[in-house]
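Database features, via TrEMBL:
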BINDING   230, 279, 351, 530  Fe cation binding site
């Protein structure tokens, strides 16, 4: 009787199947929509009522959403004869509106290029189709953590959320998480878009000036690091010299060389004591120059001090290392590096102008040195800007000497690319507007790297008209030039009064403030980072693979 009564009280037969089926269905739906659920959780944690860094998505920092391909009008001067090729500049342009604070380094990479051919000009802008952007577009929301998110306990919670997302396959980290928003280099038939948090992305430019992302660069399995935003191209043998750093696991720093065909022919691991951000490097005929700066990865400070996890610790020394280019590869172990320790307080270098070797064996490197720096979202507006500084390293004595070359405040230095890794005389840099903060550039300065001690290296300056600002200029040698500084400075400028952008071409030899030619853009071009000039010959030699 008892068993009969229990059978009468037992669940209906259909329920025995319905419950597991419901659980399976729910699990399937959760799995199917896991990215959307993750993105919702990310936004819930990251969102703040009064986000910082909003200055970098307003004014001419503000992103543009459209992608254009249009002919340009020449509104001043005339295009120089023989100046055929393509000026390409890249910068951050967030596809999705930030949900937390915004850092200028966060935005998705966008190309702005002008194709010059037979006296005509065409403008094109395109997002770099990174794996990161593709995955976020599929969901319609941000998936990957950004620098502007990483503050305090909220930042720690987001880091833990990311680890959970990786563990359950929310996103495909192994495909790369970089933004390709920082710089460009043409090498081995490929225009590479660079960001130091990932490998490069190949870009192809068609004859009419249309840009197309080809994909993420394929590297040898032995290379397990990222790829610098500032590799150095040796014009003598076509080699591309580069470094890569990471902040989570050793080796923190690696270096390598690609031959003229794009093959990785040498690679080294470099022993540094702590994970640091190393944005640039130097290269000479025989050496790579490694800048071990005290811009340290410090997640503990993120939580305890409610700051970003990357902190400038000026109480630590700065080191410059010489790594011989002919040293055998060492994918295991560490390379031999001769370090030159610079006494405290430490300093910071984001950009190197150039470097070379003197006949007596000394190595010269010219950098834009900052004695203080705040990488926080709003702190960048008040950080100290760079001063052109010369370092002389003596391998025979182990002594390093320093000389400040100019009192002009500037950064984004460039040289005639044919002089890279060899001795040169001239460098040009963007000049900062002291009244508005270090992110606004209102001119270009010409620097004499052979200036006598006690004299200012700045020999000429182009000042933009009131209300006009710019950024880094690219040096393009003039066809048939016989002297190093005979060429053009190509730069995007922004007229705040008209809310309009222009591509200006200046005479680098005379430094006349009147542009050789000025082309009106179809609409505003946001401030960006670095650019390059791709010659007509290079455009014709582009390959179809990465």
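Using N, Cα and C of the backbone, Cβ positions are placed for all residues, glycine too.
Shown in sequence order, 183, 194, 279, 280, 281, 351, 352, 530 are the residues of the chain, 6+ apart in sequence, with a C-beta less than 8 angstroms from the C-beta of residue 230 (Fe cation binding site). Using a 10 Å Cβ-Cβ cutoff, residue 351 (Fe cation binding site) registers 22 neighbours. In this view, residue 279 (Fe cation binding site) is surrounded by 20 other Cβ atoms within 10 Å of its Cβ, with every protein chain counted. Using the Cβ center of 230, 279, 351, 530 for Fe cation, the list of other same-chain residues with Cβ within 8 Å runs, in sequence order, 182, 183, 229, 280, 350, 352, 529.
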